[in-house]
């Protein structure tokens, strides 16, 4: 719930009066504000610059330094203000976060300095608003890359590398020639041979002196053997290289389909085909054609040159603009060719024999080449010819800058789109987590609320404060609001998350989910999918869920470790297991396991005061790793949170939140 | 013949081009001008509320309470008025699980007493004043007004059904027990049984107030939000 909206909470609660006449059951009591202080201004002195704000503004986020009692450590008695010896510029952003609920990242700020400040004030960077989040992530990634580069170069100097398999080392050597000297040697050798092969192809056709008979021979025929040997050598090297790459590729299928491998194949196939097909007169024409394909070897250079690759990529991404250019050119060519043909039809000995023949004239004129092999002779032809050349300049010159600017725009856009797509998933996950987080917090506090009532009945007050530590007044009011809604409709909230579905049942109001009831419930309203969820809460029921909860997917498994806003993180990690040592009102908590307790009357005298200890379990591993069907984990194991139906100690009822 | 025709066309084209060039130099005025500025800046709606003293007199809040209310109000809506979209957005933040837009729509109509499509701070304060500091009669009046969608003085079953569905929508899909299709309708039936004394299918304001005053639960829950501010 955003901070700014907290100001509207009174309104929402007041509007809840609209539900009252409709409700069938009585409403729960409203939370009372125990210490309601008059709102006061507090002064924050950050390195000399004084900021002032209301106390309640800061208390909107009780998990941060400024919102909690941690700031008392910085209170200066003499001047009655809170003094922080930190950067006032960044503090401006942080204070604005409290005021508006949105954390912004100023672009001029250094990323590591900003991170440090956030860490100091206890604010998770994931709260950064969408407007600045991209920039923040970019800068962070650059910084991380820089750090990684530093680390890498350090590692390289130390020479400590993780051991990879032979195949993997080979692949790395191929892709990145700077990894080892052998790779570098290989790189230069192949480059050299590509060059040799291309030059050979070119020189083959140069006329090389004469033979007796006054016929000029190209070098290729004069020194046929030498050229053949060179060619063979080159092709052998290329073949070996290709086979090695094929062997080392992590995904052979993908490698075969990649552009570079196709180029390789096309480069070496003509040779083999030529070997097979020698001395066959019929196909010698085709053989000559095949030789043309040898020129494709020059594309092998693109492995050696980053620039070529970028050019190829940008051409590919500008295909639509190029297509447009081509299309408009074609339109103009056809129009002008037709006009010229009909204009020149009458003149004698006109070269414009047909419209396709006029195409040549039109192209040559529009690109301002003007060979002069076809010229119009009539007046009309000349007029149209000049119009043609003028428009040619326009038609060709206009799209070119557009294409050029599109190059850079599309290129950068692609990069940014990829980034955004990658971040979008994370962002959606965050939003979803925040949503479930708030309803989880509600269920959480409902439990606490019930326990509070139990405690109140037993009359111990200090533990109440233990309980209430986690929730602020605004949260309790919000939860009360949701509770009223539940009462009005007679339904109750089910959290969309297996990690926090509660598993004790209270007879009083049938709201908490008893596992068997839930299962029955799900089977009755049986909806679609059987997700292969490995949720421990339904460990013995193999992931049977309703459609709403089938959204529970792999994403939730990284809930504990994921980026959760600070306000939610605490409420989820705290109080994840609550041990209740017997209560004097057994009717309130009749879970299956407490049946043991009921029968034991001898415990009563010992249970004058109910003690509630909260065990804060940090969740080290995602629950997905817990094996299913594990029914009796050892009580002290952290993070394992499966069904605990029967416990060995009869007077401890474990209410596990996981 | 072809030649002549084409020659004429060629000459025509040359003349047209010539005219265009002259136009560029401004020597020939041609065509009509569109001088109307199509783009007018959207006037931003700004609203300043009545003076503090006036509001204090009209409502049952103290000055301090009004100050706190206004600060929160202005924070969320800097322009001073809330339109329905913003209202729905704000309200939906309190109910993340379900869909609260329908109910927010009804609520908006209930707050927007002058029906001008926006809730100003005065409307807001007046509404809250009734809800939080009003007599039970006034609160019930307000609730009746909320349920009576077309403000004709009668709550029909259809209106009640709409309201009920809107409330149930707010709970969302993940509830226990799972929401049955006819639960809102049944709830409406229960409501009408309780409220509709003369069984004529509609509930008037008097029937409503009378039935509510007889019901202990409702009376008690009306007092629930006394200390919200």
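Positions of Cβ are set from backbone N, Cα and C atoms, glycine also.
Automatic, uncurated: that is what TrEMBL annotation is.
Remember, predicted model here, so these are calculated numbers, not experimental data.
Marked as signal peptide by TrEMBL: A:1-16.
Annotation source TrEMBL lists domain 'BTB' at A:40-139.
Packing against the transmembrane segment (A:182-203) from elsewhere in the chain are residues 172-174, 176, 219-220, 227, 230-231, 233-235, 237-238, 241, 291, 294-295, 297-298, 300-301, 304: each is 6 or more residues past its ends and has a CB under 8 Å from a CB in it. Per TrEMBL, transmembrane segment is recorded for A:182-203 (among others).
Residues or ranges marked as transmembrane segment by TrEMBL: A:223-244 (among others).
Per TrEMBL, the feature transmembrane segment maps to A:256-277 (among others).
If you look up TrEMBL, you'll see A:322-343 (among others) marked as transmembrane segment.
If you look up TrEMBL, you'll see A:355-371 (among others) marked as transmembrane segment. Sequence-distant contacts of the transmembrane segment (A:355-371) (same chain, at least 6 residues past either end, Cβ-Cβ under 8 Å): 329, 332-334, 336-338, 340-341, 344, 385, 388-389, 391-393, 395-396.
Same-chain residues lying 6+ beyond the ends of the transmembrane segment (A:383-404) with a Cβ under 8 Å from its Cβ atoms: 318, 321-322, 324-325, 328-329, 332, 336, 339-340, 343, 362, 365-368, 370, 375-376. Annotation comment: TrEMBL describes A:383-404 (among others) as transmembrane segment.
Among the features that TrEMBL reports, region 'Disordered' is placed at A:526-563 (among others).
According to TrEMBL, the compositional bias 'Low complexity' annotation covers A:531-540 (among others).
Per TrEMBL, region 'Disordered' is recorded for A:619-658 (among others).
Among the features that TrEMBL reports, compositional bias 'Low complexity' is placed at A:641-652 (among others).
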Looking only at the domain 'BTB' (A:40-139), how are its residues distributed among DSSP helix, strand and coil? 46 helix, 20 strand, 34 coil
Same-chain residue ranges lying at least 6 outside the transmembrane segment (A:256-277) that approach it to Cβ under 8 Å: 231-232, 235, 238-239, 241-242, 245-246, 283, 287, 290-291, 293-294, 296-297, 299-300, 302-303
